[in-house]
Every structure is written in C-alpha cells, then in structure tokens.
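Student: Mind having a look at this structure? Questions to follow.
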C-alpha cells in the first residue's frame, strides 16, 4: 500500500500531452493583484522552487486553522458573554491569510520566471487549493461563531458546501472544455476576509453584533454574500462557459453522463454527511463541528484531486471515490443507533483515516509525476544533474 500507484500509465501519457490553458477575467485580479504579484515575485531568489512557495502558502492556511482551533475550539468565542479571541490573533490571522493568498498568486509567476513550469506544479497548486477550502471557511467562521449573534453550525455546514461546489465547478468546466476559467469569487473573498480579520482586531467582535442595515445583521451579510456570489456569479458563469463550448463543438465529452460524472462523488459525500447529521443520536455536528467540517472537506479534496488528475491527463473521471465506503457504513451504523461516545470515536477515527489516506494519495501522486518528469518537486535541480 505504501508504494501504491494512483496515476495510471494512460494518465501519465496524458500528462505528456498536457498544455496549460486558463482564462482570468476578474478586474481585481488583472489590474490590482497581478501587478502586485509581479513585484513581489522579484523578491524571491531564483533558486527557490515554485512548489515550495505553494506548500508554504498552504501551511499558513493550516496554521490559521489550528491557531483559531486553540483560541476558539467550539466556535463560541465571538458570542456575547464568552471570552473572545485576543486581538493580536486576528491581526496574525489576517496577515497570514493575505500572505498565503499572495504566495498562491506568486508560485506560477516564479515557475515561469525560473523556466520550471510543469504539470506537476499545476496539480500541486490546485490540489492544495482544494484542501484549503475547508481550512479557510472554518477559520472565517470564528469571526461570527455560533450563539445569539452568530451563525448556526448547520448553516455554516451548508455555506461550506457552497464554497466547495463553487471550487469544483471551475475544474468541472476544465474537464469538459479544456480551459480553466478562474472564478471571480476567490480573489474578492481573500482580499475581503484578510481585511475583515484586521478590522475585527481594531473594533472587536462586538461590532459584528450591530445591524448592518435596518435589521439586517453582519452575519446575514456574510451568509448572503456567499450564497449570492455562488448563485448569481459562479454558477451562471460556469454554465455560460460550458454552453459556449457546446455551441462551438469543443466539448471534450459528448454524453450528458460523462459530462456530469465528476459531480457523483461530491454529491454522494453531501448526501451521506447530511444523512449522518440528521440521523445522529448525539447531534454530532453540534458536538464536534470543527472535526466534522474537516472530515467533509478532506474527503471532498480527495475527490477533487482525482478530478484534476483526470482533466489534466484527458482521461475519464472515476464514477465514485472509494473513500466514501466507510462513511456509508458509519451512516448505516448510526442509523441503527450508537451511544454518543461511540459516535464521537467513529467521527474522529474516520477524520484521521481520511486525512492519512489523502496525504498518502498526494505524496504518491507527486512521487509518480516527479519520477515521470524527472524532476524534484521542491527543487529546481533535475535528478542526477550534478
């Protein structure tokens, strides 16, 4: 199992023919962030590998998640009458979030600057982005938290799924059209949230208790922005790009079934995880929301990475992710009835298993592609170059 190869020979051959194709029409990205990143990238030494920049940004996102998990383990810290997160934590999280966003924008420029662009770099970047979704969303949740002035853990669960599906839409587009249309919501959300973290440190979480407009609270604005961006911007633009490709006869998959296969595993994950929440005898989401979110986000990231491998290698996306089998079994067990203690053990065990399985998947895929392209993932040197 330690040496299991996830990338098939057919997919490796597909990577040999891969050419990067992306479209970015976001004004914020084009006219503000890209000029900024072009300046920042010059600070990095030319010996610094782009994948190392990518991984560093991901680690900053994970660090923010762990930092807030320490100061706000149950998402009540921002509620009235509870001990709030220290102001300096919000400043650190805001700065690190923007740094992570910057590193995510700079890594590709460093690759072109050092003439080290490769399919592995793109896969590594987007694969880590898919896992970052859950860490980013759950960290943001601590701004409002739950309680009388916050957002319920179930509503945040739904908001997490909106973000996850918004992310996979871009790669579903590329799976069908061959072009990655970069979503507008990502740049806007990263800049906005980084700013909100700093503002929270200055004005305190109490400022978010007040109405934004009439009886419309800031938490409602937070919710409306996520749902509104997904339904009014991300989804329509994705469908438009898909139908343009269909009209131009450039779709890579002719049948409806093949076109929507990438959604099967994420949808089943949503059904199973929601069923667990609804059937839970101990109200598992209320009991361990942070761990439940991490379990869902990690399983989603694994399915998304499999999709990214397939769209880059022009191969068929697997119908189902076998990681969902143990989740299905647990939902069946929970439906029969278990004690709260046993259910908690099942959740923690499954989350650990998903995390280890996903890390193993990532390490093995990177190893396979590194060997195939004869490159070191975290170095600009080629093997046996010296």
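Heads up, the Cβ atoms here are built off N, Cα and C, so glycines get one too.
What you see is a predicted model, and the numbers here were worked out from it, not measured in a lab.
Okay, these came from TrEMBL:
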type     : residues : note
TRANSMEM : 47-68    : transmembrane segment
TRANSMEM : 88-106   : transmembrane segment
TRANSMEM : 127-144  : transmembrane segment
TRANSMEM : 150-170  : transmembrane segment
TRANSMEM : 221-243  : transmembrane segment
TRANSMEM : 255-279  : transmembrane segment
TRANSMEM : 291-310  : transmembrane segment
TRANSMEM : 322-339  : transmembrane segment
TRANSMEM : 345-363  : transmembrane segment
Student: Is the number of Cβ-Cβ pairs under 8 Å between the transmembrane segment (221-243) and the transmembrane segment (150-170) three or more, considering only pairs separated by 6 or more positions?
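Tutor: Stretch pair touches.
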Student: When you check the transmembrane segment (322-339) against the transmembrane segment (127-144), do you get at least 3 Cβ pairs under 8 Å, counting only pairs 6 or more apart in sequence?
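Tutor: No, these stretches are not in contact.
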Student: When you check the transmembrane segment (127-144) against the transmembrane segment (255-279), do you get at least 3 Cβ pairs under 8 Å, counting only pairs 6 or more apart in sequence?
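Tutor: With fewer than 3 qualifying Cβ pairs, these stretches do not touch.
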